[in-house]
Amino acid sequence: MNQASNASGPSGISTLWIALRAGIVFILICGIVYPLATTGIAQAIMPHQANGSLVKDAEGHVVGSALIGQNFADPKYFQGRVSSISYQAEASGSNNYGPSNPELLNRTQASIDAWKAANPDVPVDRVPISLLTNSASGLDPHISPESAQVQIPRISKLTGISPEQLGQLVDAHTAGRDLGVFGEPRVNVLELNLALRALLAK
Amino acid sequence: MGILQLVLVLAVLVLLVKPLGTYVYHVFSNEPNRMDRVFGPVERGIYRLIGLKRRDGMTWKRYALSFLLTNIVLVALSYLILRLQSLLPLNPNKIGGMEQTLTFNTVISFITNTNLQHYSGETGLSYFSQMAVIIMMMFTSAATGFSVAIAFVRGLTSRGRTIGNFFEDFVKAHTRIFLPFATVITLILVALNVPLTLDPTLTVTTLEGAAQHIAIGPVAALESIKHLGTNGGGFFGVNSAHPFENPNPLTNVIEMLSMWALPASLPYVYGKFANNKKQGWVVFGAMMTLFLAFLTLTYTSELRGNPALNALGMDASQGSMEGKEVRFGIAQSALFTTVTTAATTGSVNNMHDTLTPLGGLAPLAEMMLNCVFGGKGVGLVNMLMYAILAVFLAGLMVGRTPEFLGRKIEPREMKLIAVAILAHPFIILVPTAIALMTDAGRAGVTNPGFHGISQALYEMTSSAANNGSGFEGLADNTPFWNISTGIVMLLGRYISMIAMLAVAGSLVRKSWVPETVGTFRTDNVLFWGILIGTVLIIGALTFLPAIVLGPVAEHLTLR
């Protein structure tokens, strides 16, 4: 590093010239070369992940992405969390009700009433709060293992599959914490329902 | 298990500080080192391309002019790209040009490292804009901030030499830090399921036979630099809460460490430059103490949950799960919230608007203080500003001329620091008041009562602190909010940067005062305490009334 000198420094015009060229060069490097190069590498060596972790059914049809939740209206299926955008994944988001917003209480009360109507055997104080509240993305693909278990009596009654068998299905699709520590145990609703559908088809 | 997760991430961070800090020091110390052989040829190529023939040290004015001109060029080109994106390539989803005030807001938001987003990525930007504007500015704004912070540290620590050459610092920040780190982290994220493709939105037939359209794109390439550069702008509207941006707790941990490790290692870099590592650790310790206090507040409030919601009778043992994702739960969400507002990144993995009042107070307060780790360089600069103020206050109390790192602190420096410290609350509180008093401002507020005040206050604080997270319920894509937050972001970024460069330029010329027994030491536990005290007193004096009107009032009335 040299001494700073006012006298022999470059002029303002030449600084502008360098800034202009730097702007163009860095748009090319950071905005074009870097994203295209990493995309190329990722597509070459990890195409499944790079293309959105798509899930196929037994016949090989793509039925969704393992990372993106779906709407399950049919009560025979396990249901996911509340989504103010009905799992329409061309966008994402929620209504962002603040904790003191009366709309939050109204919406949750409606979910509770719907729960009571569809699941007369399971009292609402056994239902985890996450199942009846809106996720952040509106696309949460997971529910907690308890949220799956409380749905078993309803699904058993509607499908005739025994609660034990459904319990095993939930256990088989329960993922633990990452590395045994990070995050929370969870069940992927799409994959669980895919297995349930296969069981129903038998 | 919750607390263990937090402790583990903190432990990894602390272990990263020394190796990363040492690396960053060698990048900017401008002394020959081993890495020159790898990066030297690339850098010489770039110097030639941009026409940089000599890399002399600059005066602070030249340094400021250089970074401002570079930023202006990038803003102008980006403005054109966004307005004309419908005519440009890589637009498979046929997205139209962006509206004027929204474009104004967006380019300022990204060049100032704020990444406040009034658009939604999946519907508002073509892939070309995501790459050539958003990803590009995530690199360049981070490199700008980093360079200015290093120049400031040089000004404080180098005896009678210069604060460096902006263009050299700017290029090296890219070649030796951001580009290689971003490439590696991008590929790790893809391995952990973050997509990276140029394919248009997917259409699938769901299990129930309905059509589902799934927005996708070059997500991973943006995700890595978004965090490394403490930028925070998401590819999708819901940012890192979107399962494509942040599909599992492991990616969550990687994203948190990416945004946190560089700012956390900067105090160590400062200690190396000052030739007194204890100086660096005192600053780090003060930041970490404040951080832990805020983390505790958010974690416990979210775990306790929302009393109004819990009263409805569900099993509420999970905590406040409204606006959070199941895979993260309370621990990973609370930590992410505290890190992203400390490091002024502004990405979110849960909706801050839905946090409990006290859980939302912590991120708000971190942005108001703006010196708990802080974004690319800015946090360290702000904390050192408070350090000089602390020395000044302590000096007044014992009646001595204050000195910092062997240099006398005199009226010129104190005036500049006062400007920088007072500007921050001014550009938060005045615009918030205007927003709440005008119809155009109030039109954006979507929650009734005290929470509505918090929404407006949070938006302005986030803009001023160049954070970019939001209480996202705010309907902020209106001319009023686009223009007002655009101006706040500009002032928030450049006033303090220029003032601090001026301080550095003034200190670097001063003769060095030898240390004596009577010198007030700034590398011990006493100074750690005085520093935290100064930060909290200034913060409380300026922001307490606003906080009482928003989150505190909401907390007290929520039942």
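We count from 1, first residue shown onward.
Cβ coordinates are placed from backbone N, Cα and C, and glycine is handled just like the others.
The feature transmembrane segment is assigned by TrEMBL to B:6-28, B:63-82, B:131-156, B:177-198, B:250-269, B:281-300, B:377-396, B:416-437, B:480-504, B:525-549.
Beyond its flanks by at least six residues, the transmembrane segment (B:131-156) meets 28, 60, 63, 67, 70-71, 74, 78, 81-82, 90, 106-107, 110-113, 115, 121, 125, 162-164, 166, 169-170, 173-174, 177-179, 182, 218, 221-222, 225-226, 228-231, 233, 262, 266, 269-270, 273-274, 375-378, 380-381, 384, 404-405, 407, 497, 500-501, 503-505, 507-508 of its own chain at Cβ-Cβ distances under 8 Å.
Remark: the transmembrane segment (B:6-28) makes no contact with the transmembrane segment (B:377-396), by the rule of 3 or more CB pairs under 8 A. With a cut-off of 8 Å on Cβ pairs spaced 6 or more residues apart, the transmembrane segment (B:377-396) and the transmembrane segment (B:480-504) reach 3 or more such pairs and are scored as touching. Tallying C-beta pairs under 8 angstroms between the transmembrane segment (B:63-82) and each of B:250-269, B:416-437, B:480-504 places B:480-504 first.
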